[in-house]
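One structure is given here, and the rest of the page talks about it.
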């Protein structure tokens, strides 16, 4: 598409979806700020149909060879209360992409000093935002790095102590009133969208939002709108239309335009080799087990313990006993893949013994909740080992979310990752990604599990070829619901006696 050209797509029941491109530069600014990812939303797809959309705590996207691919970055601009967030939610729901990060520009405000009256402060001026922080945040997310996102409170007009942690994504969406203002920020965007909504509609929405959600009075909202919001919209926001690739009239009410926009984003993703409809699929036919996947020798003793663990009638006490026994053997096997050096010692008889000693610091990462089942066997083998924990749980769509992480000092350490089952591999991938983001090289990670699905463990191997995997059994089947077959059921529930 040539510079400053415009293309319109019209439908019978909706205003046009306008596509434009331009190479004009924007004015530059400097400021300071904060940021927050949008949290989980219940998004209405159709009347009576609600889909929960998760937009935080996701690891970055890798191709089938384990290489990090740049995510698709989308900038959504528009006036205050134009429906930007609603449009983003509908796009996310329609895309059905596995991992999305949705960032709001509202979080990138400066702290307001006590001397400033919020009702007299222009929150719609470019100088109210920290574009340097926005550029840094988007750049690091594009590189697959972990970023800490501060939160901004509109009641106190300051940053909160708590920060959210974000781990990259397939798609990164930044929405706000002035997302297209900074040229440096625009250069990081693959798609630039402008939401064009009638002034009266935006004012009505702003009144409702600021009074109900931000503790403002009617008079203060109207004063701020007439004094700052409307003039800033005319002076700074409307001119940004010329930078947009796509203009969506009527905002979130324009369903046809949103559907066309979604299809356009799908095409952009497919151009990068990513098909949302074929996420994480592997061709397992003819594949040999890679050298980094180790299955402990299947002796009669191992088969007997696995039979007890797989048996649905096994009592809790027996399950715990044989789980601890089997995990001890698996962990012992995993320790053999650590680096050792020769050591000569003198025995009580005065003779010399040529032995080995561990040549590395080791620690462990317990993937809660099920990984806690392996912690006691680990401590019985590795005296005084330092352990960290991550809590990763899947939603009803079997997508993992990181809720908690606490790691010891992993510098120059080999790390044992403990999780008794590997099903789809999604939660395990996130656990490994946490370690990589803390500077642990792939070749210093050993993933220890009891039972893995063939698809799940191969999925992980292709993404992290230098990670070692040690298991006692690999089951070839995985149900449509993501359960290992034959498997052993919910491992943590059976170990802890919960339902």
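In case you wondered, yes, glycine gets a Cβ from its N, Cα and C as well.
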For the annotation region 'Disordered' in Swiss-Prot, which listed range does it cover: 1-44, 45-88? 1-44
On a simple 10 Å Cβ count over all chains shown, which one of the binding-site residues 80, 82 is most densely packed? 82
Could you check the binding-site residues 79, 83 and say which one's CB has the fewest neighbouring CB atoms inside 10 Å? 83
List every residue in the same chain as residue 81 (ATP binding site), at least 6 positions away in sequence, whose Cβ is under 8 Å from its Cβ. 197, 201, 202, 203, 204, 205, 206, 209
If you run the three-state DSSP split on residue 81 (ATP binding site), which class comes out? coil
Other same-chain residues whose Cβ falls within 8 Å of the Cβ centroid of 78, 79, 80, 81, 82, 83, 84, 85, the recorded ATP site, in sequence order: 177, 195, 197, 202, 205, 251
